[in-house]
Amino acid sequence: MTKITAAITAVGKYLPEYALTNKELETMVDTNDEWITSRTGIKERRILKGEGKGTSFMAIKAAEDLLKKSNINPEEIDMVIVATATPDMPVASTAAYTASKIGAINAFSYDLQAACSSFLYGMSTASRYIESGRYKKVLLIGADKMSSIINYTDRATCIIFGDGAGAALFEPNNDGLGLQDEYLRSDGIGREFLKIEAGGSILPTSEDTLKNGQHFVHQEGKSVFKYAVSNMADVSEKMLTRNNLTKEDIQWLVPHQANKRIIEATANRVGLEDDKVMMNIHKYGNTTSATLPLLLNDYEKELKKGDNLIFAAFGGGFTWGAIYLKWAYNS
Ligand code: UT7
């Protein structure tokens, strides 16, 4: 019997209309376009405006885009995973709501939280369900409304993050296409450097935590940067060596979009030129769980069946890893 592999067979996306530019940020905090561009590569990021709109608003739109493009009946979907660090609510699954709203009435669903590695880890999870042979259509959505947890008076974080959502459908493949290998890691040492201190079980929200701004993301950028550079490069290199791949065998690096300098360091380590490195950080900033599927959407037309892709991500926790996947379709 041929081994079942898990292939991505369709993608979709949603980006809010409002673009928060570096110029506008200059009016909000003590920063400037030159600093942001040279230190991060970001020019603008999208922000979801409008009362009552949470992460599910974008997750639903991204899923609907995928369904429309691929002509798939949502009733055929077996499972919906929403990878997110910003669920609609702390309790009540964002994925369950998303699945119902898109008409995936035969699916079960849950949220997956691994900070900026959520989508990467979700690719692993979705693939295991497909490879088991029990599930035929798993919809993985990466969506984050980062603007809901960012302090727009903190220049260390507000220049980096943006809102967005991307979706990918995983289906069984009998020709060896799809996910080939993965190396996923985590290290709890990281929670000191990138966190939201309050609002969880250690420090429930109180008047004091609100006053101290502890419900916002706090990041020690320099420390996270150091870990991100070495770990993302290490795991990407590992994917190549342990699969006997040379840089010539790789068509695309699909790196988490946290900082252009981290992406370039990863690409350098595996010897890939710019034209093989997916990049859209200048347009969207760091959208956390949405960076990888947004890249797939932006580059979909350039992807060819059989292309070798190396995904890599690093995020809070710490969480990180790399995945080697063979692309399964021409669009
Ligand atoms: O996706 C999840 C994982 N997260 C990451 O991978 C993020 C990793 N970290 C980073 O990308 C970078 O550390 C940042 C972009 C967050 C910061 O860049 P940096 O080159 O590490 O800057 P820094 O924090 O070391 O600050 C350098 C200088 C400081 O001034 P002094 O002390 O040298 O006078 C900061 O106060 O830049 C100053 N600075 C700013 N200046 C203008 C910090 N933020 C800003 C700002 N505008 N927004």
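We count from 1, first residue shown onward.
Using the three backbone atoms N, Cα and C, a Cβ is placed for every residue, glycine included.
As recorded in TrEMBL, the features of this protein are as follows:
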type	residues	note
ACT_SITE	C116	active site
ACT_SITE	H256	active site
ACT_SITE	N286	active site
DOMAIN	110-188	domain 'Beta-ketoacyl-[acyl-carrier-protein] synthase III N-terminal'
DOMAIN	240-327	domain 'Beta-ketoacyl-[acyl-carrier-protein] synthase III C-terminal'
REGION	257-261	region 'ACP-binding'
Message: On the 0 to 100 pLDDT scale, where does the region 'ACP-binding' (257-261) sit on average?
response: 98
- prompt: Residues of the same chain, at least six outside the region 'ACP-binding' (257-261), with any C-beta under 8 angstroms of its C-beta?
  reply: 39-42, 116, 160, 225, 228-229, 279-282, 284-287, 291, 294-295, 314-315
Task: With H, G and I counted as helix, E and B as strand and the rest as coil, say where DSSP puts H256 (active site).
output: coil
- line: Integer Å value for the Cα distance linking N286 (active site) with H256 (active site) is 8
Query: Name the residues of the same chain, 6+ apart in sequence, whose Cβ is under 8 Å from the Cβ of H256 (active site)?
result: C116, S117, L120, M232, N286, T291, L292, A312, A313, F314, G315
C116 (active site) - helix vs strand vs coil (DSSP): helix
